[in-house]
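Undergrad: Feature table excerpt (Swiss-Prot):
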type     : residues : note
ACT_SITE : 108      : active site
ACT_SITE : 278      : active site
ACT_SITE : 298      : active site
DISULFID : 93-122   : disulfide bond
DISULFID : 105-150  : disulfide bond
DISULFID : 141-207  : disulfide bond
DISULFID : 142-146  : disulfide bond
DISULFID : 179-211  : disulfide bond
DISULFID : 187-198  : disulfide bond
CARBOHYD : 192      : N-linked glycosylation site
MOD_RES  : 220      : N6-acetyllysine
SIGNAL   : 1-19     : signal peptide
């Protein structure tokens, strides 16, 4: 099924590129065009010497995939603030502030999940359990239930995997933090940087059920389990209530080429071709110059966007941002 969806999303990208009269992606012309529109956000360059195949590969969320059961509505009884930032609400949970880097791999579906899961384990243990959950374990061991690894996957499958098989700890590339740190290096977005070049190539690493040398406990004993996984309705208030009560969530949306140029403000699509689906972590909301927004963490390193974060228009299901919200709860007995 996912092969069909992946093919369809590729076709979408191709047809939209053919029919587009827009400026070349990542071009100065596109930056200038967006900034002349006087919209709610500012454009600039985040990627300099990268191949477009790499950028398309980053968009590895297969939209409209399998759905998790929807949780019961509870927002009606809640008084929600005008703005909310999980980083400030739970300051003793450092993963909420963290931005990771998925490298040359379409693993955003895994990153959005493990980032929000890490946050929630800390939040629901009242700060007692601080763990970077392993994107490597999710990416390499989930298998076909999650899609196709670096070639794209389903956020819903990721949360389901957490409840069924659990996830070990694992930090950033070369961090030697946790049982299974990420094995794909960050690649170079800039002209004269020191990281390897960004390409659209890259196979999914193998599933290894062994922790890296010197780490204990064992792989089996390092697993953190979810006790539930669910989707949240596309109702704006329900999504806000979920984040307010339980912590950051994973979402996914359609990326157009103008989004790649985001620097600050509240993103809304202005111009450019559809690149694919992208999964992210939503950690709050607010209003900027009368424009309501979601506060979102990306997985394209801290030199992208606003130190790795961005804001996107809230309340209008813009680019589908409110249609694919998934989350879950950690098992209390682990704490």
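Each residue, glycine too, has its Cβ placed from N, Cα and C.
I would like each feature placed in context: is it buried or exposed, what are its neighbours, and how far apart are things?
TA: All protein chains included, residue 108 (active site) registers 30 other Cβ atoms within 10 Å of its own Cβ.
Following the DSSP three-state reduction, the secondary structure of residue 278 (active site) is strand.
All protein chains included, residue 298 (active site) registers 29 other Cβ atoms within 10 Å of its own Cβ. DSSP assigns residue 298 (active site) to coil in the three-state reduction, outside any helix or strand.
Long-range Cβ contacts of residue 122 (disulfide bond) within its own chain (separation 6+, distance under 8 Å): 90, 92, 93, 94, 95, 96, 129, 130, 131. The secondary structure of residue 122 (disulfide bond), as reduced to three states from DSSP, is helical.
Residue 150 (disulfide bond) carries a helical DSSP state (H, G or I).
Within 10 Å of the Cβ of residue 207 (disulfide bond) there are 14 other Cβ atoms, across all protein chains. DSSP assigns residue 207 (disulfide bond) to coil in the three-state reduction, outside any helix or strand.
Sequence-distant neighbours of residue 146 (disulfide bond) (same chain, 6+ apart, CB under 8 A from its CB) are 109, 110, 138, 153, 154, 157, 158, 161.
Classification of residue 179 (disulfide bond) by DSSP places it in coil, neither helical nor stranded. Proximity of residue 179 (disulfide bond) to non-local residues of its own chain (separation of 6 or more, Cβ distance below 8 Å) is seen for 134, 137, 168, 169, 170, 211, 212, 215, 219, 222, given in sequence order.
Under the DSSP three-state reduction, residue 187 (disulfide bond) is assigned to coil, being neither helix nor strand.
Residue 192 (N-linked glycosylation site) falls outside any helix or strand according to DSSP and counts as coil. Shown in sequence order, the list is empty: the chain has no residue 6+ apart in sequence with a C-beta less than 8 angstroms from the C-beta of residue 192 (N-linked glycosylation site).
Listed in sequence order, 209 are the same-chain residues six or more apart from residue 220 (N6-acetyllysine) with CB atoms under 8 A from its CB.
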Undergrad: In terms of DSSP three-state secondary structure, what is the assignment for residue 105 (disulfide bond)?
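TA: The three-state answer is coil.
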Undergrad: Quick check for you: of the recorded positions 108, 141, 142, 187, 198, 207, which have their Cα within 10 Å of the Cα of residue 298 (active site)?
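TA: 108, listed in sequence order.
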Undergrad: In three-state terms from DSSP, label residue 141 (disulfide bond) for me.
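TA: Once the DSSP labels are grouped into three classes, residue 141 (disulfide bond) ends up as helix.
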Undergrad: Need this for a regression test: recorded positions 105, 108, 150, 187, 198, 278, filtered to those with Cα within 10 Å of residue 141 (disulfide bond). What's left?
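TA: Near residue 141 (disulfide bond), where near means Cα within 10 Å, there are no recorded positions at all.
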Undergrad: Nearest to residue 207 (disulfide bond) by Cα, among 105, 108, 142, 150, 198 (recorded positions)?
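TA: Checked the recorded positions 105, 108, 142, 150, 198; minimum Cα distance to residue 207 (disulfide bond) goes to 142.
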